[in-house]
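Peer 1: Got a structure for you, questions after.
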Number of protein chains: 2
Amino acid sequence: MFYLIGLGLGDVKDITVKGLEVIRRCTRVYLEAYTSVLTVGKEALEEFYGRELLLADRDMVEQAADEILKGADVSDVAFLVVGDPFGATTHSDLVLRAVNAGIQYRVIHNASILNAVGCCGLQLYNFGETVSIVFWTDSWKPESFYDKIKRNREMGMHTLCLLCATAQGRKIYEPPRFMTVAQAAEQLLEITVCVGLARVGNDNQAIRAGSLREMASSDLGGPLHSMLITGHLHPLEVDMLKLFSDPEGLNSLKMTDSSTYTS
Amino acid sequence: MFYLIGLGLGDVKDITVKGLEVIRRCTRVYLEAYTSVLTVGKEALEEFYGRELLLADRDMVEQAADEILKGADVSDVAFLVVGDPFGATTHSDLVLRAVNAGIQYRVIHNASILNAVGCCGLQLYNFGETVSIVFWTDSWKPESFYDKIKRNREMGMHTLCLLCATAQGRKIYEPPRFMTVAQAAEQLLEITVCVGLARVGNDNQAIRAGSLREMASSDLGGPLHSMLITGHLHPLEVDMLKLFSDPEGLNSLKMTDSSTYTS
């Protein structure tokens, strides 16, 4: 039997009693180590389970799945996943490989962020599509998550934003990185391009284009003020707005998979 | 400390190791017995935990919350919930009461249908709003879930349909009822009103109005056939369609919170 076992979200004792029993009787126990990030180390798990764990990084699960499944038709093999086993596509792939190899499988579920997020008091029934927010680079600033959040809000739905977290994995020279809530909020502020206008038509009129964050700390002087929040932008519009923006600001708007910005 | 502890979805051993430890040391342990339905009995849980469980039905949680929380400021009280503790609003209410009474609380999460549904292979990130399908009565046929499913589909999202399950609870004379997948599918078929037309303009033309289910087993004879799927219906349109429908069929279209039917 091939067991996919969820470890839950917290520490070693978040495993279910059933899961723990299975782990203790399996021939081999793999620990998935890439789609989620453990809050406790492999050593702590090994000590609590009383078992050696074999680390399975993304390369291994994708390329050496047969090795993981080896012998699972005649003995028990466990594959441990932080949270619930079905958060990531790769595990569906493992299940399909097992079935194709005539190996039976069983899932032992556990809490994952997708349901545990209910602890904040928002009703899970009212969540729309989940979005992922990844780290922006100078040249790659995906913002499709913004449109999904907007769509959810239009329907009165909450949006769970999964923040980029890369564990050690495919590339050993890439250190783990975890996006903070502050960084995510920063990117959200960045994505909303506003134009502030003050005293339009007067000699001392002022126009200022920039992110919502920039706008929040702007001072355009005396009344009257107006504010625009941009929708889809034509390249010419972007060029115009740059006249009124910080050189560092809107120049970074070379979005690649953008729908808000087109350039 | 007031503990809200998820029991998971399956049997007694789906409790987490952490949850089990807490249960065994608590002064009182309540078992929530209304928003979800246990797959194992109270006795099986009591035997596995080695503890007596106090059954908390909806009335008790809503009206005798203070009794549940009593003493939780100086000793440990546990409240057990099938699945994860934050599936139902009432538990937020308990948490708020605890906080207002100066009682600390902790949540021990577990799998719930909202994340465990990933076991079917559909990606959880691609789920839209969750809908509830309740039992229809002769006079009450809510169908707002249909529009939500439609909206999700328009956006390419999957929809989890929670099927009505009433445990023993508020009304002791109401036996537990659990909607089957077949019953839910039946209601979905019922909700889609179609009109079939055959050989329009010919002497032997045929028009037939009914649910998608009725239509699937209809026989309107030789070619050519056309089919309509109705949107919002004006009362006059409903009256007309009744001319072409089974007397038992469209007469049941007195929807109360309907958006597809208006009558």
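Glycine is no exception: its Cβ is also placed from the backbone N, Cα and C atoms.
Note: TrEMBL annotation is automatic and uncurated.
The S-adenosyl-L-methionine binding site annotation in TrEMBL covers A:Leu9, A:Asp84, A:Gly87, A:Ser112, A:Ile113, A:Leu163, A:Val200, A:His225. Residues or ranges marked as domain 'Tetrapyrrole methylase' in TrEMBL: A:1-215.
Could you place these features in context, so I can see how deep they sit and what lies close by?
Peer 2: When secondary structure is read from DSSP and collapsed to three states, A:Asp84 (S-adenosyl-L-methionine binding site) falls in the coil class. Listed in sequence order, A:Gly6, A:His109, A:Asn110, A:Ala111, A:Ser112, A:Leu114 are the same-chain residues at least 6 apart in sequence whose CB falls under 8 Å from the CB of A:Asp84 (S-adenosyl-L-methionine binding site).
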Peer 1: Short of 8 angstroms on C-beta distance to chain B, which of the listed binding-site residues (A:Leu9, A:Asp84, A:Gly87, A:Ser112, A:His225) are there?
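Peer 2: Qualifying residues, whose Cβ lies under 8 Å from chain B: A:Leu9, A:Asp84, A:Gly87, A:Ser112.
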Peer 1: When the number of other CB atoms within 10 A of each residue's CB is tallied over all shown chains, which of the binding-site residues A:Leu9, A:Ser112, A:Leu163, A:Val200 has the maximum?
Peer 2: A:Ser112
Peer 1: Where the record says A:Leu9, A:Asp84, A:Gly87, A:Ser112, A:Ile113, A:Leu163, A:Val200, A:His225 bind S-adenosyl-L-methionine, what is the longest distance in Å from one Cα to another among those residues?
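Peer 2: Of all Cα pairs among the recorded S-adenosyl-L-methionine binders, the widest measures 56 Å.
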